[in-house]
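Trainee: Input: one structure, supplied below.
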Amino acid sequence: MAQISKCSSLSTELNESSIISHHHGNLWDDDFIQSLKSSNGAPQYHERAEKLVEEIKNLVVSEMKDCNDDLIRHLQMVDIFECLGIDRHFQNEIQVALDYVYRYWNELEGIGIGSRDSLIKDFNATALGFRALRLHRYNVSSDVLENFKNENGQFFCSSTVEEKEVRCMLTLFRASEISFPGEKVMDEAKAFTTEYLTKVLTGVDVTDVDQSLLREVKYALEFPWHCSLPRWEARNFIEICGQNDSWLKSIMNKRVLELAKLDFNILQCAHHRELQLLSRCWWSQSDIAQQNFYRKRHVEFYFWVVIGTFEPEFSTCRITFAKIATLMTILDDLYDTHGTLEQLKIFTEGVKRWDLSLVDSLPDYIKITFEFFLNTSNELIAEVAKTQERDMSAYIRKTWERYLEAYMQEAEWITAGHVPTFDEYMKNGISSSGMCILNLYSLLLMGQLLPDDVLEQIHSPSKIHELVELTARLVDDSKDFETNKVGGELASGIECYVKDNPECTLEDASNHLNGLLDLTVKELNWEFVRHDSVALCFKKFAFNVARGLRLIYKYRDGFDVSNQEMKTHIFKILIDPLT
C-alpha cells in the first residue's frame with residue numbers, strides 16, 4: 001500500500017531502465033511448480049477415502065446410539081471432524097448431533113455430562129457446546145458462562161495443574177474467541193484463560209498433562225481462531241492427533257485419522273493441478289512476468305485463498321482470486337513507486353474508458369501492464385457472464401474505477417507531501433485495500449447464481465464486506481508499523497492518527513488500531529453467524545479471506561516478505577504431503 005511520506009518520487013520522470021525493485025523476486029519457478037507430482041490423487045486413494053467415510057458414518061451411528069445420553073460425546077465428534085478438516089463429509093451427522101445437543105441446552109446453565117438431564121452442569125461440556133452451537137448459527141447466549149464463576153467473579157480454577165482442568169480452560173479459551181461486540185463475559189474468559197494457559201506452557205509442574213494436550217494449547221495460543229484457517233488447522237491437528245497414542249487406541253479414531261490424512265493429500269493433489277494451471281497457462285506466458293521490478297506473488301495469493309476455501313467445487317474461484325490479487329499487487333507497485341503522477345492519471349483514465357489506445361504515449365512497461373490488466377479482466381468478465389447468466393461488465397468496471405481512484409488519491413498525497421486526517425486516510429484506505437474488487441470476482445465465480453439483491457448483502461456496501469475491507473487496512477497498517485519502526489519509517493495509518501492526536505505516542509496509535517481490529521473481529525463473528533438470505537458459502541468465503549490476512553500478517557507482511565514464514569507455510573499446505 002502506498003506510504004504517506006514527503007517523498008516526491010512520483011513527480012520525477014521514470015523509465016524502465018531507472019526502476020529499482022526493493023522486493024525479493026519470485027520464489028516459485030514455473031519448472032518447480034510443474035514438477036509437483038504425487039500419486040495421492042490416484043483412483044485407489046479416492047476409493048479408500050470413500051470407503052472410510054462410509055465406515056465412519058456407521059461407527060458414528062453405533063457410537064451415538066451407545067452413548068445417546070452423553071451430550072459431550074456428540075460435541076467431541078463434531079469438534080474432531082472439524083479440527084481434522086473432514087467435516088464436509090459428515091454434514092448430516094454433525095447436524096443431527098448439534099440438533100440433539102441444542103434440544104437439551106439450558107440457556108442459563110448449559111449442559112451436563114453423563115446424562116442429558118444431569119442437574120450438575122459441566123464447565124467443559126458447556127464451553128464446548130457453546131462454541132459448536134454458536135459457530136453453527138444456533139441462538140446461544142454467552143451469559144451461560146456466568147454460571148461458572150465463583151463468588152469473587154472468577155472462573156472456577158484450582159491451584160494445581162491437572163489435565164482435566166487444562167482441557168477445560170482450553171475449551172473455554174476457544175469458546176471465548178467466538179465473541180460478539182459488548183459481550184463482557186467473553187472478554188473476561190479470554191483474558192483469564194490466556195493467562196492460565198500461558199502459565200501452563202511456561203510452568204514446570206505439567207507432568208500430569210498429556211503432551212498432545214500441551215501441543216493443542218500451544219497451537220491455540222499461537223494461532224487463535226481469527227487466524228486458524230481450515231487447511232492450516234487440519235494440517236496441524238492431524239500431526240497433533242498422530243502423536244496421541246491414547247487417542248489412537250479407539251478404532252473409530254484410527255479410521256478418522258486415516259481419512260483426514262488421505263483427504264488432505266487428495267485435496268493437495270488437486271491444488272497442485274490448479275497451481276500448475278495458474279503458473280504455466282496464465283502467469284509464465286504473459287509479458288508482465290518479464291517485468292522484474294514488480295512483485296510476483298501468484299503462489300502466495302493462491303495460498304491465501306486455499307487455506308480457507310479449499311473444497312474441490314471452488315476451483316475456478318481460487319484461480320480467479322489468485323489472478324486478481326496478483327494483478328492488484330502489480331497495480332499497487334505501479335501506483336506506489338513505478339509511475340509518475342501524470343502517467344498514473346493517463347492509466348486511470350484508460351481504465352475508466354477501458355481503452356488500450358489511451359496509454360500509447362506511456363513507456364512500454366506501463367503499456368504492458370495495462371494490456372495485462374485489460375486481458376485478465378476481460379477474460380474473467382466473460383467467465384462471470386457464463387456463471388451468472390448476465391452481463392456484469394459495467395458493474396465490474398465501475399468497481400475497478402473506484403479502486404484505482406483510491407490509488408490516485410494516495411499518489412496525489414505522496415506527491416504533495418500531504419498527511420491526511422486519520423478519518424480521511426481510513427476512508428480512502430479501505431477502498432485502496434482492494435477487497436472490493438478481489439472479493440467481487442471470486443464471489444461471482446463460486447459456481448452459484450448470485451442475484452443482485454443477495455450481491456448487495458455480501459458485497460459493497462454491505463456490512464460484512466465493509467468489515468473485510470477494514471480488516472485488510474488495519475492488518476496492513478499495524479504490521480507496517482511493527483516492521484518499519486526500527487528503521488524510523490511510519491506506517492501511514494499510524495502517522496495520520498498521531499497527527500490528529502499530538503499527545504499520542506506511536507505505541508498509543510498502534511494500540512488504537514489494534515483495538516479497532518479486535519472490535520472488527522467481533523463484528524465479523526456476528527455477521528458470519530447471523531441468519532439472512534445470503535448463502536453460507538458466500539459468507540464463509542468473505543470471512544475466511546479476512547482471517548487469512550491475520551495468518552499471513554501474523555509475523556510480518558507475508559506478501560511483501562514471503563521468503564520466511566510464508567514460504568514455510570506454503571510448503572506445509574501446498575507442497576509437502578502428509579505421511
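Even glycines carry a Cβ here, placed using N, Cα and C.
Okay, so Swiss-Prot annotates it like this:
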type: BINDING; residues: Asp332, Asp336; note: Mg(2+) 1 binding site
type: BINDING; residues: Asp332, Asp336; note: Mg(2+) 2 binding site
type: MOTIF; residues: 332-336; note: motif 'DDXXD motif'
type: BINDING; residues: Asp476, Asn484; note: Mg(2+) 3 binding site
Trainee: Would you count the other C-beta atoms found within 10 angstroms of the C-beta of Asp332 (Mg(2+) 1 binding site) for me?
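Mentor: That number is 20.
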Trainee: Cα of Asp332 (Mg(2+) 1 binding site) to Cα of Asp476 (Mg(2+) 3 binding site): how many Å, rounded?
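Mentor: Just about 13 Å between their Cα atoms.
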Trainee: Do any residues of this chain, six or more beyond the ends of the motif 'DDXXD motif' (332-336), have a C-beta under 8 angstroms from a C-beta of it, and if so which?
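Mentor: Tertiary neighbours of the motif 'DDXXD motif' (332-336) are 1-3, 23, 293-295, 344, 347, 366, 369, 404, 407-408, 410-411, 434.
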Trainee: To the nearest Å, how far is the Cα of Asp476 (Mg(2+) 3 binding site) from the Cα of Asp336 (Mg(2+) 1 binding site)?
Mentor: 15
Trainee: Within 10 Å of each Cβ, count the other Cβ atoms, then let me know which of the binding-site residues Asp336, Asp476 comes out lowest.
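Mentor: Fewest other Cβ atoms within 10 Å, among the binding-site residues Asp336, Asp476, is found for Asp336.
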Trainee: Take the motif 'DDXXD motif' (332-336) and count its residues per DSSP category (helix H/G/I, strand E/B, coil), listing them in that order.
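Mentor: Computed counts for the motif 'DDXXD motif' (332-336) are 5 helix, 0 strand, 0 coil.
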Trainee: Using DSSP, would you call Asp476 (Mg(2+) 3 binding site) helix, strand or coil?
Mentor: helix
Trainee: I'm checking region-level scores; what's the whole-number mean pLDDT for the motif 'DDXXD motif' (332-336)?
Mentor: 91
